[in-house]
Amino acid sequence: MSGPFAQGAAATVTQDEQSGRTMTNLLNLTLPELEAWTQSELGEPKFRAMQLWQWIWQRMARDFDTMTNISRPCRELLAAKACIVWPEVSAVEESRDGTTKFLLRLEDGAQIETVLIPSDSREGVRRWTQCLSCQVGCTMGCTFCSTGQMGFERNMTMGEILGQILVAREHLGDTRLHWPILRNLVFMGMGEPLLNLKEVMRSLESLNNDKGLGFSPRRITVSTCGIEKGLKELGESGLAFLAVSLHAPNQAVRERIMPKAARWRLNDLMAALKSYPLKTREHITFEYLMLGGVNDSLEHARELAPLVSAVKGKLNIIVYNAAEGSPYQAPSEERILAFEKYLWSKDITAIIRKSKGQDIKAACGQLKAARQKDTAAADADPKNCE
Ligand code: SF4
């Protein structure tokens, strides 16, 4: 991959407030980049980079002084030239069901969200899935999505994307290298991953390194609303499973609810998915958000079935929760069950996903939107004027 600077992303170097010196945030370097940097900036051999890599990603160190297997002069040089900057936690909200949402502040003040979703095994062991953001806002403007209504600010860097995982692991006290409790990652938070492909691919490569965070591709899902550019590269990399936010069984409904995504016509998207490289027992997961009176009829299920069957696909049905001021309604229980039953009758694996974290605005972009609203209200409140 190319160098550490992503087009449209925040800079990967930062300025030290006291000295005014430019510092490199090491979270933004892939292992090969860190090796090159260690040699050129520190005059140290390659293995030093591996030591640093393990301190950063496995031991979650933020202070060079704690890196006791690195000599003091080298640590001093590191402190003069580099930093390790995590996203800052602005707010944490925990739902009754355990779902935990973080509002994170990035170095330039931009805010993003990440969510931890629990699942308990039959033996009562709790594991977690983390939903990651990859852009500040989103250009796609899907009409049902809070993030889509906020507009787009910028791409996130690799360090900001992976920094979300460090924050979550620290929150969970998850320091185990083997069998960690943070099991799975889904790129389903703010932003469209294929529109920040360079940084998302660098993140996936770094995640895959077993001396770092060590997430194998089987534990990562990248979800896209269907962007032509980048789909092939993601598939060929084999670095993650694919999920496609379909949400509509035909072009007309897609144009109505996902007008920008629908510019790549449904027929063309499906044709591309037919040639998407899948390993044995691998599927494409289709996400289908059921919106009352929009895409939830039996006729819609009839149109949807051949789309899902045309590829090795399975379907996640997500039931829309109408929030205050939202333009859509939740579908009725009766319609949801009839829809699911029809799909199963066509041998389609269709799972109704329970909504988690309803009491904490866990859907993508809701917490940031609510906070922005609160801030705007406070700003407009005469009591707050000096
Ligand atoms: Fe963007 Fe995804 Fe929201 Fe659509 S659903 S606006 S692609 S974040």
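Yeah, the Cβs are placed from backbone N, Cα and C, and that goes for glycine too.
Remember, TrEMBL labels are computer predictions, not curated facts.
According to TrEMBL, Gly191, Glu192, Ser245, Leu246, His247, Asn321 bind S-adenosyl-L-methionine; the candidate from Ser206, Ser223, Ser345 that the record adds to this site is Ser223. A simple Cβ count within 10 Å picks out one of the binding-site residues Ser245, Asn321 as the most packed, and that one is Ser245.
When the binding-site residues Cys145, Glu192, Ser223, Leu246, His247 are checked against ligand 1, Cys145, Glu192 have a Cβ within less than 6 Å of one of its atoms. DSSP classifies Cys138 ([4Fe-4S] cluster binding site) as coil under the three-state reduction. Among the recorded positions Glu113, Glu192, Ser223, Ser245, Leu246, the residue whose Cα lies closest in space to that of Cys138 ([4Fe-4S] cluster binding site) is Glu192.
In this structure, the CA atom of Gly191 (S-adenosyl-L-methionine binding site) is 11 Å away from the CA atom of Cys142 ([4Fe-4S] cluster binding site). Annotation for the binding-site residues Cys138, Cys145, Leu246: lowest Cβ count within 10 Å of the residue's own Cβ, Cys145.
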